[in-house]
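Q: This is the feature table in Swiss-Prot:
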type	residues	note
TRANSIT	1-82	transit peptide
TOPO_DOM	83-133	topological domain 'Mitochondrial matrix'
TRANSMEM	134-157	transmembrane segment
DOMAIN	136-422	domain 'ABC transmembrane type-1'
TRANSMEM	179-201	transmembrane segment
TOPO_DOM	202-252	topological domain 'Mitochondrial matrix'
MOD_RES	K230	N6-acetyllysine
TRANSMEM	253-275	transmembrane segment
TRANSMEM	279-298	transmembrane segment
TOPO_DOM	299-357	topological domain 'Mitochondrial matrix'
TRANSMEM	358-381	transmembrane segment
TRANSMEM	396-417	transmembrane segment
TOPO_DOM	418-715	topological domain 'Mitochondrial matrix'
DOMAIN	457-696	domain 'ABC transporter'
BINDING	G495, G497, K498, S499, T500	ATP binding site
BINDING	S499, D623	Mg(2+) binding site
MOD_RES	C547	S-glutathionyl cysteine
Amino acid sequence: MRAPSARALLLIPRRGPAVRAWAPAVSSRIWLASEWTPLVRAWTSLIHKPGSGLRFPAPLSGLPGGVGQWATSSGARRCWVLAGPRAAHPLFARLQGAAATGVRDLGNDSQRRPAATGRSEVWKLLGLVRPERGRLSAAVGFLAVSSVITMSAPFFLGRIIDVIYTNPSEGYGDSLTRLCAVLTCVFLCGAAANGIRVYLMQSSGQSIVNRLRTSLFSSILRQEVAFFDKTRTGELINRLSSDTALLGRSVTENLSDGLRAGAQASVGVGMMFFVSPSLATFVLSVVPPISVLAVIYGRYLRKLSKATQDSLAEATQLAEERIGNIRTIRAFGKEMTEVEKYTGRVDQLLQLAQKEALARAGFFGAAGLSGNLIVLSVLYKGGLLMGSAHMTVGELSSFLMYAFWVGLSIGGLSSFYSELMKGLGAGGRLWELLERQPRLPFNEGMVLDEKTFQGALEFRNVHFTYPARPEVSVFQDFSLSIPSGSVTALVGPSGSGKSTVVSLLLRLYDPNSGTVSLDGHDIRQLNPVWLRSKIGTVSQEPVLFSCSVAENIAYGADNLSSVTAQQVERAAEVANAAEFIRSFPQGFDTVVGEKGILLSGGQKQRIAIARALLKNPKILLLDEATSALDAENEHLVQEALDRLMEGRTVLIIAHRLSTIKNANFVAVLDHGKICEHGTHEELLLKPNGLYRKLMNKQSFLSYNGAEQFLEPARA
């Protein structure tokens with residue numbers, strides 16, 4: 001492992017793995033810091049408690065002022081800076097403002113490259129076949145058998161022609177019969193070997209694609225939410241389906257065909273020299289130009305294949321989004337507009353396909369012409385050699401067949417190379433997804449003792465911007481305390497960041513600075529999976545999966561396999577959902593459709609509440625859970641919510657009086673800060689308070705000499 005030089009700079013996020021290292025000696029060259037993992041660990045082990053400010057390890061205490069000054073400014077909120085003693089001044093200008101002006105963002109996938117591993121992409125492709133090496137080795141063995149038998153045929157057929165061409169003896173018929181019988185058996189063995197080869201390659205290919213898709217899906221689900229903010233769903237689906245299939249073919253069927261073509265070409269060339277060295281030298285002079293053409297064509301095809309896969313991903317994304325929102329399209333009558341948009345995307349794909357077709361036509365046309373010229377040159381030169389008695393008719397026939405096989409094999413190698421380049425083009429993005437490390441830890445960190453766990457929450461001096469919109473500040477010095485077992489309501493104007501509070505509590509994002517704590521522990525120190533297992537959420541528009549009602553409710557349990565039907569039904573009863581569920585023809589086995597489209601808003605809400613009940617969380621987050629419901633459904637849902645909130649730490653994000661008035665504490669959020677706090681009654685007593693104005697806008701308050709609270713009228 002190469003250690004960084006004294007002029008090297010390392011940026012480490014305040015939470016998460018090391019990101020980038022930059023060395024001024026090589027200008028803008030970027031390394032992933034994972035290459036220096038042991039050194040990174042040594043550095044980070046010397047840094048004290050996370051979140052306590054930037055601290056340099058003792059060996060680097062003499063760091064000059066440039067980096068030190070930047071470290072104590074806004075940059076310290078984002079990264080730790082570790083540098084050699086001569087790194088500061090050349091780099092200071094690059095580090096002003098954002099966390100790293102001269103360093104590319106790992107989350108920007110358009111710039112991000114896969115981690116350097118010391119292997120080429122070809123070796124990465126071959127690395128996929130390692131788990132199947134047993135079957136593939138057997139397939140290669142059968143490939144060798146079938147190739148040897150195939151390439152021995154011209155030699156023996158040439159001998160048969162010589163036997164037929166010369167004057168036959170008395171035993172001519174018997175000899176010919178025996179020779180043909182032996183060759184028939186040999187050819188049958190070759191056919192069997194080839195069939196077994198194809199089966200082993202096909203089955204191995206399917207296993208590789210299956211494993212590749214599973215690994216890719218697992219890697220995608222482990223990424224932080226900010227990754228999905230920047231990456232389109234349709235693109236990920238295309239990588240998961242089309243690219244994996246293309247890559248799988250490249251390392252199995254295509255690799256098998258390439259090995260076969262290479263073996264046959266090698267044996268064929270050897271036999272051509274065995275039959276007639278002078279004729280072989282004359283004929284094979286055309287191979288180098290074809291090889292150069294194949295390399296140029298392959299490189300062009302690789303770039304074109306990547307562009308084609310990207311264009312296909314864009315078309316898939318558009319189709320997936322539009323089909324998923326067909327009701328909105330139908331409501332606005334925009335069917336033909338969307339057809340035109342999709343047609344434009346597939347037309348781009350067609351243009352790329354036409355470019356590929358033109359390139360293939362030129363290359364394979366040139367390869368075919370070369371093959372025909374080879375045959376013609378063999379006939380011409382071979383005829384001259386026969387005329388001078390240097391070749392027999394059988395030898396010329398054998399040579400022609402070998403030349404034919406070599407020509408086919410060269411064509412097969414050309415196809416192999418072009419398909420390999422396609423696989424590499426598709427594999428580039430797959431390697432990025434497979435090797436991408438999430439910025440937030442997935443399943444590591446501290447777990448609190450269940451016996452002492454209370455569920456007290458606190459935001460302290462939180463500053464936050466969404467990674468996809470770093471220029472828009474959401475929170476500025478935001479602080480809020482939610483005692484254990486209390487019910488806190490958070491209200492504020494639209495866009496003030498109320499739902500962002502839920503995202504931070506679930507640790508879907510980390511704050512730029514400040515802390516979010518649970519029972520006094522910074523949640524960035526806690527295991528995210530454990531943390532989320534203790535939090536239940538019910539949102540304004542809950543998302544259900546396209547499966548049965550029972551499966552959707554059971555989804556809230558920690559262990560799906562241990563959930564009983566009685567537990568599901570009990571949760572549904574407490575959530576006021578059992579009655580309408582049992583009215584369905586299939587009851588709890590009723591499939592709810594994509595995103596629960598076959599259910600009403602109130603029904604989806606109550607199923608979501610049942611799902612949260614089955615989870616039995618210590619902390620409950622309600623995000624506008626009743627705002628989109630009519631009066632009847634709101635009453636049923638609110639009744640279920642009241643049962644759900646018993647004995648839990650609850651944060652309610654709402655503007656409906658029925659939801660807010662029973663809260664122990666109300667906090668008003670505006671411009672990224674808590675501007676008012678107190679009980680519902682206390683806040684209403686402030687004549688110019690924002691809370692009172694919000695209540696007026698929602699028609700909760702009327703002035704008739706006395707204050708009365710009225711529910712807003714609904715159409």
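Placed from the backbone N, Cα and C atoms, the Cβ positions cover glycine too.
Describe the structural surroundings of these features, if you would.
A: When pLDDT is averaged over the topological domain 'Mitochondrial matrix' (202-252), the result is 83.
Through the fold, the transmembrane segment (253-275) approaches residues 129, 139-140, 143-144, 146-148, 150-151, 154-155, 158, 197-198, 201-202, 205, 281, 283-284, 395, 398-399, 402-403, 405-406, 408-413, 415-417, 419-420, 423 of its own chain, all at least 6 residues removed from its boundaries and within a Cβ separation under 8 Å.
Long-range neighbours of the transmembrane segment (279-298) within the same chain, counting only residues 6 or more positions beyond its ends whose Cβ lies under 8 Å from a Cβ of the stretch, are 269, 272-273, 359, 362-363, 366-367, 370, 373-374, 377-378, 381-382, 385, 391, 399, 403, 410, 413-414, 417-418, 420-421.
Residues of the topological domain 'Mitochondrial matrix' (299-357) grouped by DSSP class, helix first, strand second and coil last, total 56 helix, 0 strand, 3 coil.
Remote same-chain partners of the transmembrane segment (358-381), defined as residues 6 or more beyond its termini with a Cβ less than 8 Å from a stretch Cβ, comprise 279, 282-283, 286, 289-290, 293-294, 297, 300-301, 304, 396, 399-400, 403-404, 406-407, 410-411, 414, 418.
Remote same-chain residues near the transmembrane segment (396-417) are listed as 150-151, 153-155, 157-159, 161, 254-255, 257-258, 260-262, 264-265, 268-269, 271-272, 275-276, 279-280, 283, 287, 290, 294-295, 297-298, 363-364, 367-368, 370-371, 374-375, 378-379, 382-383, 385-386 (criterion: CB distance under 8 Å, separation of at least six residues from the stretch ends).
Every protein chain shown contributes to the tally, and the Cβ of G497 (ATP binding site) ends up with 22 other Cβ atoms within 10 Å. Secondary structure from DSSP puts G497 (ATP binding site) in coil.
Long-range neighbours of D623 (Mg(2+) binding site) (same chain, six or more residues apart, CB within less than 8 Å of its CB): K498, S499, V502, T537, V538, S539, Q540, I653.
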Q: Around the ATP site formed by G495, G497, K498, S499, T500, list the extra residues of the same chain whose Cβ is within 8 Å of the site's Cβ centroid.
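A: For the ATP site the neighbour list reads V474, G492, S496, V501, L669.
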Q: Taking the Cβ of K498 (ATP binding site) as centre, how many other Cβ atoms lie within 10 Å?
A: 20
Q: Below 8 angstroms Cβ to Cβ, which residues of this chain, lying six or more residues outside the transmembrane segment (134-157), approach it?
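A: Beyond its ends, the transmembrane segment (134-157) has Cβ neighbours at 179, 183, 186-187, 189-191, 193-194, 196-197, 200-201, 203-204, 252, 256, 259-260, 263-264, 267-268, 271, 275, 397-398, 401-402, 405.
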Q: Whole-number Å distance between the CA of G497 (ATP binding site) and the CA of C547 (S-glutathionyl cysteine)?
A: 33
Q: On the three-state reduction of DSSP, what should I expect for K230 (N6-acetyllysine)?
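A: SS state of K230 (N6-acetyllysine) = helix.
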Q: Should anything in the same chain at least six residues away from the transmembrane segment (179-201) have a Cβ under 8 Å from its Cβ atoms, list it; otherwise answer none.
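A: Here the qualifying positions are 135-136, 138-139, 142-143, 145-146, 149-150, 152-153, 156, 159-160, 163, 252-253, 256.
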